[in-house]
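Below is one structure, written out as structure tokens; comments come after it.
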């Protein structure tokens, strides 16, 4: 396992609440939303605009727009001591000075991504079955995500392996940090924790909340109580 450079390694090890948000272009409140969510206890914040209401209305984010949104998130993350993640794009992660690059199964090969972003940023990987989990445990990624636990509109058409995969990963007792992902909200969180997860990724549980800070705080309190 690669040893992450300080202070990113300790920050990742202590993280339990990971938020994926779109750029909120149709609302125009990204800065206020991000600050509220981070104040509520979010440890990592990732920009993922694919399939968002903003994308449907305005079209895909251009690189310059994505960097502008990431600058907003970076400022909020620095104020709150959180990590900033970029989805898929190693070049954007490098340009934004992101702490984390998250790769899906069909994204850049890991060695290529590492050459682009350099030694400092963390790299995460999505996993959806036992074989992918085994690969993520063995390869030089710093963390991995396990799911979807439930079908989710952010990944339309993807079969959800469910909590069975979460239980399997928990039984492996790997030292590498991992996060359960996919359809997790406050009501479902106890099931996820009972399955053995201690870290989660959420989207709508916070992005759709009337009070993002309070929603994040309730999730974080439930996580740290285990």
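Backbone N, Cα and C define each Cβ position, glycine as well.
According to DSSP, residue 48 (4-amino-2-methyl-5-(diphosphooxymethyl)pyrimidine binding site) is assigned to coil rather than to any helix or strand. If you look up Swiss-Prot, you'll see 46, 47, 48, 49, 50, 87, 126, 155 marked as 4-amino-2-methyl-5-(diphosphooxymethyl)pyrimidine binding site, on the strength of sequence analysis.
The Cβ of residue 107 (Mg(2+) binding site) lies under 8 Å from the Cβ of 88, 113, each of these being in the same chain and 6 or more residues away along the sequence. The feature Mg(2+) binding site is assigned by Swiss-Prot to 88, 107.
Taking Cβ-Cβ distances under 8 Å and a sequence separation of 6 or more, the neighbours of residue 49 (4-amino-2-methyl-5-(diphosphooxymethyl)pyrimidine binding site) in its chain are 22, 23, 55, 60, 61, 66, 69.
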